[in-house]
Amino acid sequence: MTMPHTAPPQNNNFRKLMLAFGITAGFMIIETIDGFISGSLALLADAGHILTDSAALLFALLAIQFARRPPDNRYTFGWLRLTTLAAFINAIALGVITVFIVWEAIQRFNTPQPVAGATMMVIAVAGLIVNLIALWILHQGEEDKNLNIRAAALHVLEDLLGSAGAIIAAIVIILTGWPPVDPILSVLVSCLILRNAWQLLKESTGELLESAPHSIDVNELKHKLKCMLPEISHIHHAHLWQIGEKPVLTLHIQIDSPYDHDMLLGRIQYFLEEQYQIEHSTIQIESLVCRKAECHINKTQNRHGHNH
């Protein structure tokens, strides 16, 4: 029995990203105008950096918008995985940007440049306030379950930590006149961001490769199901993956004696939804031993003993 494919509500995530994008893009425009009027290269450079974050937020927005498209005969699960793909690309982009910042910091060690501490302080404080608001918006609700939102928030967090580091560096420069503190703090912040970006990249790659969600142990699920329903003699061909924020499960159940299949199916689906929040499951109930105990979906032969 197969439950209908329904897309999870994305309206809340879309609103959060739209607000965060509006705030960061608006600040970028104001900073660019001020930079041209004042002739400040520091303002224009910071506006260019915020442009990359705005682009990441816009990309995440577009992914959610396209993910709203309903399933069709070709994309039978819909377009929800676009949000995972957006998180994957944003994680790579974040890693590239962070490596570039580290490289730029190393160059500044070799060729120190004078830094205007007061100007740097004003820009950093304004950026800190804007990024705090944007990060607070993105962290409303259950953003930890959505890789796309997490990737967007990580871009904002990079800017926030960068602004905090810049404030510390500006204070040190104003008090001591020691410019190397700026690239030193940039490298420290970059290391923290790179660690988070790597974790996000691993999770999004795993979801794209259809790995089981970390929150669900397949062997534990099968054990609990057999303990709850003693009429089940064997569970095999269990496949668990995730689409968007929703886990999906298919499995074969072997029973020893004739049983009301509809009643058994209802109890299994209730267990999956209550214990593991699995709302979509495809379950095949068998009275005979399955001809192929192992799934050969990963085999390269033309003939397969088991098809999904």
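All residue numbers here begin at 1 and follow the chain in the order shown.
Glycine too: its Cβ is placed from the backbone N, Cα and C atoms.
Over in TrEMBL, the protein carries these features:
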- 17-209: domain 'Cation efflux protein transmembrane' (DOMAIN)
- 213-287: domain 'Cation efflux protein cytoplasmic' (DOMAIN)
- 20-44: transmembrane segment (TRANSMEM)
- 50-67: transmembrane segment (TRANSMEM)
- 79-103: transmembrane segment (TRANSMEM)
- 115-138: transmembrane segment (TRANSMEM)
- 159-178: transmembrane segment (TRANSMEM)
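When Cβ-Cβ distances below 8 Å are used as the criterion, the transmembrane segment (79-103) is approached by residues 7-8, 10, 52, 56, 59-60, 62-64, 66-69, 146-148, 150-152, 154-155, 158, 186-187, 190, 193-194, 197-198, 200-201, 203-205, 207-208, 243-244, 246 of the same chain, each at least six residues removed from its ends. Using a Cβ-Cβ cut-off under 8 Å and counting only residues 6 or more beyond its ends in the same chain, the transmembrane segment (115-138) has close neighbours at 16-17, 19-20, 23-24, 27, 31, 40, 42-43, 46, 50, 149, 152-153, 156-157, 159-160, 162-164, 166-167, 169-171, 173-174, 179, 182. Looking just at the domain 'Cation efflux protein cytoplasmic' (213-287), the mean pLDDT is 91.
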